[in-house]
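Structure first, commentary second.
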Amino acid sequence: MNTANNTLPTAADWAGEDGAPDAADTRKIERESHKLEKRLCREVGRAITDFNMIEEGDKIMVCMSGGKDSYTLLDILRKLQKRAPVKFDIVAVNLDQKQPGFPEHVLPDYFKSIGVQYHIENQDTYSVVKRVVPEGKTTCSLCSRLRRAILYKVADDLGCTKLALGHHRDDIVATLMLNMFYGGRMKGMPPKLVSDDGKHVVIRPLCYVPEKDTARWAQYQQFPIIPCNLCGSQDGLQRVAVNEMLREWDKKFPGRIESMLRAMGHVVTTHLMDPHLHDFKNAKATGIADPNGDMAFDHEEFPVAPALPGLQVVQLG
């Protein structure tokens, strides 16, 4: 455990079907589940370390929607809590927005079954949104703002130092693409940020985790999933289209989504076009060699993407 002299913990410190399956199938499922658990703990631990998400004495408010991602986040954080190099508390929080058909017993029953501290906040934002937003318009934007304000207040009331959200790797890359395609800006989801009111720290411990892993873990653990579209509103067709594009891309070109995520952490501001990040107007030749300077006329070489299985070209002779 690497906590001496206020040294930040390392990633190693953190990561310390139908019908009844037969014995062989059961063993295979157990092996796959164990491997996935280790991978999830490793990736979440790495994110916590890389961005100093959780510190000694923190009280983490895990925002629970009842979807696969928030269940996975809570489960993995509780596993890490038992062997983490720092001591921290967890409280699971759900905002019941009084959407018609919301199964309000599901989350409290689950929280009680695992013995986690929890809080259910009852606020009828559904009626507010329906009253304010014209019929046929998406309610997601207003609903999100109301939810954010309420959760910040709950964090204050509970004495929480951090709010943990369940956004995963694919959410972050999709948001970057959405902003590029429809917003004309390069903006994704940060792994850690100070809230817009300046009073709260928000963390995304699943930022390195692909969605397929949270889906698989939810399946293994048989979490009581609550549908995400009870209100009948959808967050526009743009996100649906981008998510589908990324899924197809990942099938055809494995590893590209991971590469895009890495790119968000390796930004070369001199090779973009934002004058606020680089002073292009006053760029002048100095006569001094710069190893980081632009090779303006050179063709940039990129690593060859791995071919899909079965598509490799075999050369004979």
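Just so it is clear, glycine is given a Cβ too, placed from its N, Cα and C backbone atoms.
Residues annotated as region 'Disordered' in Swiss-Prot: 1-29. Taken from Swiss-Prot, the feature motif 'PP-loop motif' covers 65-70. Summarising the annotation, Swiss-Prot assigns [4Fe-4S] cluster binding site to C140, C143, C231 and lists sequence analysis as the type of evidence.
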Please give the sequence-distant neighbours of the motif 'PP-loop motif' (65-70): residues at least 6 beyond its ends with Cβ less than 8 Å from one of its Cβ atoms.
94, 106-107, 166-168, 206, 211, 214-215, 217-218, 223-226, 228
Identify, among the binding-site residues C140, C143, the residue whose Cβ has the fewest other Cβ atoms within 10 Å in this structure.
C140
Can you break down the motif 'PP-loop motif' (65-70) into helix, strand and coil residue counts using DSSP?
3 helix, 0 strand, 3 coil
